[in-house]
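A.B. asks: Below is the structure I would like to discuss, written out as structure tokens.
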Amino acid sequence: MLQRDLLDDAMRRALALAGRGPADDPNPQVGCVILDPEGRIVAEGWHRGAGSRHAEVDALGRVPEAWRSRPGELTAVVTLEPCNHVGRTGPCALALAEFGIGSVAFALDDPGDASAGGAESLRAAGADVLGGVLESEARALLGPWLARQRAGAAAASSATAPPAASPAAAPRPRVIAKWAQTLDGRAAAANGTSRWITGAEARADVHRRRAEADAILVGTGTLLADDPALTARAHDGELLVDPERQPVPVVVGRRPIPSGARVLRHPALAARGLEAPIRLRGDDLAADLAELARHGIRSVFVEGGPGIIGSLLARGLADEVLVYLAPALLGGPGLAIGDIGIDDISGIRRLDITETLPLGRDLLLRGRLPASSSDPPRYAERKRPADRMRPAERPRDPDHGHPADRPHPDPALIPATEEH
Ligand SMILES: NC(=O)C1=CN([C@@H]2O[C@H](COP(=O)(O)OP(=O)(O)OC[C@H]3O[C@@H](n4cnc5c(N)ncnc54)[C@H](OP(=O)(O)O)[C@@H]3O)[C@@H](O)[C@H]2O)C=CC1
Ligand SMILES: Nc1c(N[C@@H]2O[C@H](COP(=O)(O)O)[C@@H](O)[C@H]2O)[nH]c(=O)[nH]c1=O
Ligand SMILES: [Zn+2]
């Protein structure tokens, strides 16, 4: 391992590079420099936000040809312990080990249950590993992100009972619940049609925000009523981001996805080697979200419908709401959100409004739900007749050859297809 003062200097540079990444991203800001045996920088990298290359992989990609035959002489200096899990990108610990890096110095341990363990993996692969280099400086940079991680873990565990029997103690992704409604709070007409309540500018804003999320989620009610594409695209249909950066579609509920559903052609599927959207049953949404987090999904854009959004709000599992308000009226039964477990006005949930944005004739109201995560769950998960069926009696999805009631996505559903 290089001398400590050389590592400290390199870590300062890595922290400066980390700061170039987005501060309010679901992913941490991470920087990486690669040093020669004299402590000179031969390559640099940083993380540009969820879905893009991690800092280590970015830096490895920039190592000059002359050093690629002598990787054991190089030292990677990273602000966060290299990740060890398969998420939207493959594990950096593996990328460094496969490169043949000689030494790795990092500042902060990775706090994620799923992503931690990179140092151990690297040692097992024969690298010289040192943690805690300028740890307090890195902690200062990543303070807001670390706080969000802790809040996510607390929300997941407080919203689930009994904790011991559930995987929900893991952090969950950031959940953004979005819907479009009329002034009288309707999200659909009486016959279930809802296209379109809002105008083109509002919908373009939705697509820009879809593009920022790791996953896009709907309930089976929305899937069957609307046959949504769930891509992030421009008005002419062109994708706003490449297929590998498109949000991965997730469908909650037991009913099967029809074989002709547009979501089966979602470009994120082929880009990640998936045959179908991730399926979640929805009986325990906190556990379902924790499962998504274990697959490296840090943010979920929930496109409805009213049933799923109501359940998320009732259980304190939505961090943010985006309400696109159209100056129109529908009346009737198509309320924008379902029961959220409030009987008395004292239970009213007030939002902190963080953005109001006119979009053509429509208006976006963006709000945070600050207290929701610590609220005790108020809403008993609904019991559906299917809950009482034996597994063999539950409907199967004929198109994908797996049970439609799969409790959690198969761990193989999100393979390491990117970057490495
Ligand atoms: N204006 C807007 O922004 C939007 C409007 N819509 C409209 O909403 C209507 C569909 O509403 P809705 O059926 O409520 O749609 P949802 O997408 O919320 O689907 C509800 C279904 O999800 C499944 N589910 C699984 N777990 C849960 C849970 N914990 N809580 C609630 N549901 C769960 C159930 O289906 P299963 O039996 O399969 O398990 C349930 O029937 C359509 O008319 C559509 O056009 C939809 C989206 C957005
Ligand atoms: N009706 C309605 C919305 N509906 C949402 O958009 C989904 C359709 O997605 P896609 O097929 O990808 O365009 C639909 O299933 C529902 O989730 N959104 C809005 O911004 N405004 C609207 O008026
Ligand atoms: Zn990584």
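Using N, Cα and C of the backbone, Cβ positions are placed for all residues, glycine too.
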A.B. asks: In TrEMBL, W196, T222, D226, G305, P306, G307, I308, I309, G310, S311 are given as binding NADP(+), so which of A180, A211, A290, A293 is in that site too?
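C.D. replies: Candidate in the recorded NADP(+) site: A180.
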A.B. asks: Would you mind giving the whole-number mean pLDDT across the domain 'CMP/dCMP-type deaminase' (5-130)?
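C.D. replies: Computed over the domain 'CMP/dCMP-type deaminase' (5-130), the mean pLDDT is 90 on the 0 to 100 scale.
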A.B. asks: Give me the count of other Cβ atoms within 10 A of the Cβ belonging to R210 (substrate binding site).
C.D. replies: 21
A.B. asks: R210, L230, R233, G305: which of these binding-site residues put a Cβ within less than 6 Å of any ligand 3 atom?
C.D. replies: none
A.B. asks: Given E56, C83, S194, G307, S311 as the recorded positions, which ones have a Cβ positioned under 6 Å from some atom of ligand 2?
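C.D. replies: S194, by Cβ distance under 6 Å.
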A.B. asks: What is the number of residues in the domain 'CMP/dCMP-type deaminase' (5-130) that are helix, strand and coil, as DSSP sees it?
C.D. replies: 42 helix, 26 strand, 58 coil
A.B. asks: Among the recorded positions H54, E56, A180, whose Cα is within 10 A of the Cα of S194 (substrate binding site)?
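C.D. replies: Taking H54, E56, A180 one by one, the ones whose Cα falls within 10 Å of S194 (substrate binding site) are A180.
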